[in-house]
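Take a look at the structure below.
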Amino acid sequence: MMDQKTGDKLPKDTQEPNFSIICFVKVAPAICGGIVFFAFFDGTVLSMFPIYGLSVGHTEAIAAMMISAILAGDAIMQMPFGWLADHMNRTRLYRVCGVVTLLASLLLPITMSHTFLIWPLLLVLGATAGAIYTIALVQIGQYFSGNDLMVANASAAMLWGIGNLSGPLLAGAMSEISSSSLPFLLVAMTGLFLVSTMERWNLGVKTLNNSPS
């Protein structure tokens, strides 16, 4: 018979965590920025892009198809970007995805009325925005392990919730000012993400990675 005092208990991990959720945000702002950005992007696009599409003269069906194009770009390119993350400099790839997402967001107002240009642009926008999140998760596995990895994953979940909730709220408030404000909001958020990837803010995570666990 199993000893009810000890047999049904999980073994305790005696290793003390090196950092907390707040410390994770401090040492890995680029990772945190990527997670918050894509959560914001996901919530904002799903809730506000149809309104933006209607505001520039598209039908409801076309506006819904535009969301599908963004999601398709994200889904189709996840594995290719994962492969690239394993075969090239991840920080450089991270920033390239941010720059392309920024440019695609800037081009949205120009291409929304062009039947043929808008669809490939939406595919690219979804692909590179989704790749930012994919690479952020890859970097969590790269830099953290053990208890630190558990804290990092918990932090990622918390940051996702913050970004996903704040995106539609802020986009809704901006739409009261202008129904065409969505691209500019995406540009601003992508710009903040790129700032978070600057080398000067991310020295801590490299130090943590080189320290003994």
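Cβ coordinates are placed from backbone N, Cα and C, and glycine is handled just like the others.
Feature annotations, reproduced from TrEMBL:
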DOMAIN    27-213  domain 'Major facilitator superfamily (MFS) profile'
TRANSMEM  21-41  transmembrane segment
TRANSMEM  61-81  transmembrane segment
TRANSMEM  93-110  transmembrane segment
TRANSMEM  116-138  transmembrane segment
TRANSMEM  150-171  transmembrane segment
TRANSMEM  177-196  transmembrane segment
Open item on the list: Please report, as numbers and ranges, the same-chain residues at least 6 past the borders of the transmembrane segment (150-171) whose CB is under 8 Å from any CB of it.
Closed with: 17, 19-21, 24-25, 28, 31-32, 35-44, 47-48, 136-137, 140, 143-144, 181-182, 185
Task: Most Cβ pairs under 8 Å with the transmembrane segment (21-41), selected from 61-81, 93-110, 177-196 - done: 177-196
Task: Per Cβ pairs under 8 Å, the stretch of 93-110, 116-138, 177-196 packing most closely against the transmembrane segment (61-81) - done: 116-138
Task: Whole-number mean of pLDDT values that fall within the domain 'Major facilitator superfamily (MFS) profile' (27-213) - done: 88
